[in-house]
Each structure stands twice: as C-alpha cells, then as structure tokens.
Amino acid sequence: MVSQASIQVLEICKDAAGGAGNIFAFGLFVSPIPTFQRIIRNKTTEQFSGLPYIYALLNCLICAWYGSPLISLDNILVTTVNSVGAVFQAVYIVLFIAYAEKAKKLRMLGLLLAVCSAFAVIVLCSLLIVDFEVRRIAIGFLSCASLISMFASPLFVINLVIRTRSVEFMPFYLSLSTFLMSTSFFLYFLMIYTLNNTLHTFKSLED
C-alpha cells in the first residue's frame with residue numbers, strides 16, 4: 001500500500017542524494033589541487049595528463065548551459081555548480097599550460113580552443129531550435145555524452161599505470177570524487193524515477 005509517509009521518505013532520500021551529489025561535485029572540482037601543488041613545486045607537469053581537465057571544462061560548460069533558463073526551467077543550481085566547476089577547470093588548464101613542455105603546451109592550447117569553439121557552436125545551434133522541449137532534450141543528451149567523456153577521461157592514463165605498475169600519475173582524489181559524485185547523482189535520479197512512479201500509483205489509488 002502506497003502511503004503519504006513513503007512519498008515523504010522518498011523525497012527526503014532524493015534531496016539527500018542531490019545534496020550529496022553537489023557536495024561531491026565540489027570535492028571533484030578541488031581534488032586536483034594536490035596535483036597542481038606538485039606541478040608548481042617541481043615546475044613541470046611530468047607525466048600527468050591534461051585531458052581530464054579539458055573534458056571536465058567542456059562538461060561543466062555544457063551542463064551549465066543546460067541548467068540555464070534558456071534550456072530548462074528550475075535548474076539554476078545546475079548552472080551555478082557547473083559555472084564554479086568551469087572556473088576551477090579553466091584555472092587548472094592555464095596552470096597546466098604554463099608548466100607543460102612545448103609539445104604538451106601546444107596540444108593543450110589546441111584542445112582548449114577546440115572546447116571553446118565547440119561550446120560556442122552548441123550555444124548558437126541550440127538557440128536556433130525553436131521548440132523549447134526539443135532544445136532541452138537535445139542539450140540534455142549532449143550533457144549526458146559530455147559527462148560520460150569526463151568520467152572516462154582518467155582512463156587515458158591506464159596504459160601508463162599498467163606499464164609503470166604505479167598509480168602515481170593517476171590522481172586518487174580525482175578518481176574517488178568522480179566515483180562518489182556519479183554514485184550520488186545515480187541515486188538522485190533513481191529516487192526521482194521511484195518517486196514519480198509512487199506518486200502515479202498513489203494518484204491511481206485515490207481515483
């Protein structure tokens with residue numbers, strides 16, 4: 001039997017998972033700080049990869065755009081969280097470029113230009129979509145794709161980890177924060193799905 005109490009419990013769980021997701025998202029944004037302290041101290045990027053920060057920047061920009069009123073309603077928190085994340089990633093990329101060797105520096109500059117160009121194209125093309133719902137769904141799918149690429153980006157160093165038999169250049173806190181954030185938001189959307197089904201069942205019983 002569906003009860004009002006079960007609905008309230010689901011709402012509390014949903015809010016808790018969403019809150020945890022935002023906390024872990026901030027943890028994800030600050031997790032590279034120890035890595036960049038080492039880079040600044042040694043004045044070299046060593047064998048660290050800059051790709052996770054490039055993918056994270058693109059993801060933050062797209063998700064921030066998705067949360068804006070021009071794309072979806074009542075998602076301003078998505079915009080604010082990802083805007084903060086974009087600032088963090090931009091700082092990391094600037095530092096990485098500053099201390100990288102010439103080949104890496106040029107590659108990162110090219111990737112940064114590609115990210116900015118891609119985001120500009122996404123914004124312009126989405127504004128050309130007149131139907132608000134179609135626009136929201138299109139940017140939503142892009143957000144999902146960018147999230148997947150961001151979560152997969154630390155795997156680029158797996159070959160180095162296997163070859164050296166060391167996780168020295170695969171930052172632990174970055175991987176942990178990514179895992180915790182993705183788990184929290186998985187539970188958040190699972191709670192939303194369950195809550196919607198429960199509300200539908202509750203309404204059907206009342207009718």
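Using the three backbone atoms N, Cα and C, a Cβ is placed for every residue, glycine included.
Just so it is clear, the model here is predicted, and its values are computed rather than measured.
Among the features that TrEMBL reports, transmembrane segment is placed at 16-36, 48-68, 80-99, 111-130, 136-161, 173-195.
Sequence-distant contacts of the transmembrane segment (48-68) (same chain, at least 6 residues past either end, Cβ-Cβ under 8 Å): 28, 32, 35, 39, 75-80, 82-83, 85-86, 89-90, 92-93, 96-97, 100, 104, 107-108, 111-112, 115, 118-119, 122-123, 126, 136, 139-140, 142-143, 146-147, 149-150, 153-154, 156-157, 169, 171, 174.
Per-stretch counts of Cβ pairs under 8 Å to the transmembrane segment (16-36) identify 173-195 as the leading one among 80-99, 111-130, 173-195. Using a Cβ-Cβ cut-off under 8 Å and counting only residues 6 or more beyond its ends in the same chain, the transmembrane segment (173-195) has close neighbours at 7, 10-11, 13-14, 17-18, 20-21, 24-25, 27-28, 31-32, 34-35, 52, 150-151, 154. Within its own chain, the transmembrane segment (80-99) has Cβ neighbours under 8 Å at 22, 25-26, 28-30, 32, 36, 39-40, 43-45, 48, 50, 53-54, 56-57, 59-61, 63-64, 67, 105, 108-109, 112, counting only residues six or more beyond its boundaries.
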